[in-house]
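Below is one structure, written out as structure tokens; the observations come after it.
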Amino acid sequence: MNKPLRRIAIFCGLLVFALLIRDNWLQYVRADELNSHKYNRRVTIERYASPRGNIIVDGKPITGTTATDDTDYKYRRTYVNGPMWAPVTGYASQAFDANQLEKLNDGILTGNDDRLFFDRTLSMFTGDKKKGGDVVTTLSGAAQKAAFEGLGDKKGAVAAIEPSTGRILALASTPSYDPSSFAGYHDKDAKAWQALEKDKDKPKLNRALREIYPPGSTFKVLTAAAALEYGKVTDINAATKTPEPYILPDTNREMVNHARNCENATLKYAMEVSCNSVFAKLGHEVGRDNMVKMAEKFGFNNGEIDTPVRAAKSVYDRNMDRPQNALSSIGQFNTNATPLQMAMVAAAIANDGKLMKPYMVEELRSPDLDVLEKHEPEEMSQPMSPRTAQLVQEMMEAVVNSDNGTGGKAKIKGATVGGKTGTAQHGELNKARPYAWFISYAKTDSGSPVAVAVVVEDSSATRDDISGGGLAGPIARDVMKAVLDSKK
Amino acid sequence: MSVVTNTTTIGAIDLPSRRNTELALLGFAVAIAVFAYANVGLAINGELPSGMLGYGLGLSLLAGVGHMAVRRYAKYADPLLLPLATLLNGVGLAFIWRLDQSERFQALKTFAPAASKQLMYSAVGVALFVAVLLLLKDHRILQRYTYISMVLALFLLVLPMFFPAVNGAKIWISLGPFSIQPGEFAKIIIAIFFSGYLMVKRDALALASRRFMGLYLPRGRDLGPILVVWAISILILVFETDLGTSLLFFGMFVVMLYVATERTSWIVFGLMMSAAGAVGVASFEPHVQQRVTAWLDPFAGWGKEAASEQIAKSLMAFGSGGTLGTGLGQGHSDLIGFAANSDFILATVGEELGLAGMMAFLLIYGLIVERGVRTALAARDPFGKLLAIGLSGAFAIQVFVVAGGVMGLIPLTGMTMPFIAQGGSSVIANWALVGILIRISDTARRPAPAPAPSPDAEMTQVVRP
């Protein structure tokens, strides 16, 4: 009877062996996948098991943590002035996961990041509770406040950048939401979340980064830069030989001007009053491929602009025909840009042609304030020569300062301001209310500390360029002034 | 079992009894369990648990009583079985206590601490273990009760059909405040019946056969018993909707039949019949179908099927443990919710002790089975051999079915992990099972009686001071 007994022994051994293999498969091979599975609540429980680190602006936290009496989640996220900062922080909710900085820097904020291993080990011995690290942002409280209050109850967005470094100074979006309102997981949190989801104004949308708008006439500064860079215009004060009316190439469609005296206008004058015909003609002369090249140097068609929150892809169509390219050159047809993208355009011009990569996380800090990671400014591209940039600056400053310029409302005492207005028509047959745009920068003797792009949706403006200056201009001015004042 | 009365003044040199090895290992097992208990307290409350002394003393007492009983009544028994069982039982208690500490469970209205109760059941189990050693002087006595065992086992198996289903499976009978899982006891009793029956019939089953395509086909009338057992296990599956018990009994029978007859054909028949039975029943029994669907894709039924969700939660607990685990008391295996401390207790082991701890547990179970098989090999009588392999085979199959179920290797069944899972019937029955194995191993390892001394031998004089 011993031979079958030995075989049964082998059989039992195989049963145990099968279990061991399966266990290795589960706990070694598939461990990460199961550990981060979307149904695995341990991730969220861990996120709120200890006080979460903070997001810092101007040395002060704009987030907080409060203890709960819950068995699952020991702590809950709170926000200081949540609606104003929501486009920066994003949210961290017990029921609805997290996004933006809260999500991207989750490891640091919860204290689980590998770089905090030493702190964790140390607190194990000292008996302290695990703590999260902090995320220090580049934002300016004053600029953000000016942007958020300037937008008020209008729908729109503001993005402001420091041109010489790419530091993001303001990132506002309205209507906004309070991430505290659904930070928990109770019924009221679910209700608040659902109300936001259903709201047709999309308050959760981060318009400054994640929404693309037709840039309208603000795109003309890019076309002007391309015309100068590719030698289509050498003197901004020379007549451009533009007929009136200008007929779009290969069509018999007339390019309508909302401004006067555009026939043979100089580039500078065309910029001041925003002549469609002049810029459509120049865009056509530069040609589609060169226009695409120029736009891409500024960041268009790039789906990976990470601040670290990823911005939506701004578009300058690569495959359109000649009349479409002419229309695109004045910011119509398929051309679309995020407010951040247009702020980048203004920033590159203000920075004498050099585009810095925009970022909003200055450094990551451990709970005991050691710097774990510091962000250094990084050059993204050089879309134009300093000479071209200075010429474009001269024209943009004329838009603000000259008598017939459209951007007069952005003037600031004690600083030089250059800007460009825009009113983007959109919707079927351009019936929808236009978007009012304003992009600008401010300059002092020590360089340019701020470039800003403002867009106001659904404006009740009439369809001329003054509306861009009228609605969006004052907001841009306030943001620039806030930055200038804080430098003093 | 005759007591050797040696008239020579210098006796034959005794074979080592290994009792001191057993004692040392027991000390080790108790120490690990107490350490685990302390670890849970430190991790959850930051202090040594107040019940630690009582727990340590209780477990030491149980181990000590078991050891003394073995020393006194089964001197030559296998030295590993008792320490392994004590280790599993002790650490299992620490795990159950750890789940008692879960705030998530304490918030439930139905919450009742289970650890102290389980300690009591363990004491009853050890008492039964001692009783087996005390009363069962020779395992061959059991052979007398072959057919009584059959009747008793059938009775125990059929009994749960008359009680309401608990969570979809009819494996419980409730007597007042207690609910008993008769299947756990039936497992042992039916092994006694199979051993007695097969010992008598093995020659007929093995020899009277025809050869066909390399296999020995049994005669039609010899197929009777296997068909009856198969039919019973199918009936269990249908009426009690319990895949595990059904598989356990049929598997045990096939193993014992194979050992008794040494005919591979029985294994082939057994596999074919169980496959046919399982597929047949699964085709119309919704409870079984549900379990199979849950096994094939546990995450697909999230939020819809409780059965799928439970397996998915169990898998996530294992995955979250990773290689080294979160440490005792620091995991979230209580998220599994229902049955976390019984059927799913291995998920807690997996999450808190990690892959390393799980492998250790699986190897300890493997080692118990190995000692059982070794006992069967060493046993000198066919009844003992059959009983030992039957019990250890059943133990192995149970471990495989439960652990495989919670790890998603096979469809989940309603059985509990021997010794570590919460549940009185299981721990008591398994202590009895270990008692019987120890009894057989004692008989097997006991030195053969020395030849009668020659009357002519010269007496050696020893002068004692």
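A Cβ is built for glycine as well, from the same backbone N, Cα and C atoms used for every other residue.
Any TrEMBL annotation is an automated prediction that lacks curation.
Residues or ranges marked as transmembrane segment in TrEMBL: B:23-44 (among others).
Positions annotated as transmembrane segment by TrEMBL: B:50-68 (among others).
The annotation transmembrane segment is assigned in TrEMBL to B:80-99 (among others). Packing against the transmembrane segment (B:80-99) from elsewhere in the chain are residues 22, 25-26, 28-30, 32-34, 36-37, 39-40, 44, 49, 51, 55, 59, 62-63, 66-67, 70, 105, 114-115, 118-119, 122, 125, 328-329, 333-334, 340-341, 345, 348-349, 352, 361, 364-365, 367-368, 371-372, 417-422, 427, 430-431, 434, 437-438, 441: each is 6 or more residues past its ends and has a CB under 8 Å from a CB in it.
Sequence annotations record features per position, and here TrEMBL assigns transmembrane segment to B:119-136 (among others).
TrEMBL lists B:145-163 (among others) with the feature transmembrane segment.
For the transmembrane segment (B:183-200), the list of distant contacts is 142-143, 145-147, 149-150, 152-153, 156-157, 160, 171, 225, 242, 245, 248-249, 252-253, 256-257, 260-261, 382-383, 386-387, 390-391, 394, 398, 415, 425-426, 428-430, 432-433, 436: same-chain residues at least six beyond its ends, Cβ to Cβ under 8 Å. Annotated transmembrane segment per TrEMBL: B:183-200 (among others), in sequence order.
Residues or ranges marked as transmembrane segment in TrEMBL: B:221-239 (among others).
For B:245-261 (among others), the entry in TrEMBL reads transmembrane segment.
The transmembrane segment annotation in TrEMBL covers B:266-284 (among others).
Residues of the same chain lying 6 or more positions beyond the ends of the transmembrane segment (B:344-365) and with a Cβ under 8 Å from any Cβ of it are 84, 87-88, 92, 95-96, 98-99, 310, 313-314, 317-318, 320-333, 336, 395-396, 399, 402-403, 406-407, 417-418, 420-422. Annotation source TrEMBL lists transmembrane segment at B:344-365 (among others).
TrEMBL lists B:386-413 (among others) with the feature transmembrane segment. Beyond the ends of the transmembrane segment (B:386-413), by six or more residues, the same chain brings 139, 142, 187-188, 191-192, 194-195, 198-199, 242-245, 247-248, 251-252, 255-256, 259-260, 288, 291-292, 294-295, 298, 307, 310-311, 314-315, 318, 343-344, 346-347, 350, 362, 365, 368-369, 371-373, 375-376, 379, 421, 430, 433, 436-437, 440-441 to within a C-beta distance below 8 angstroms of the stretch.
Under the heading transmembrane segment, TrEMBL lists B:419-438 (among others). Counting residues 6+ beyond its ends, the transmembrane segment (B:419-438) has Cβ neighbours under 8 Å at 70, 74, 77-78, 81-82, 85, 88-89, 91-92, 95-96, 114, 117-118, 121-122, 124-126, 128-133, 136, 139, 178, 180-182, 184-185, 187-188, 341-343, 345-346, 349, 361, 368, 371-372, 375, 387-388, 391-392, 395, 402 in the same chain.
Marked as region 'Disordered' by TrEMBL: B:445-465.
Cβ atoms under 8 Å from those of the transmembrane segment (B:50-68) belong to residues 19, 22-23, 26, 29-30, 33-34, 37-38, 41, 82, 86, 89-90, 93, 97, 119, 122-123, 126, 129-130 of the same chain, restricted to positions at least 6 beyond its ends.
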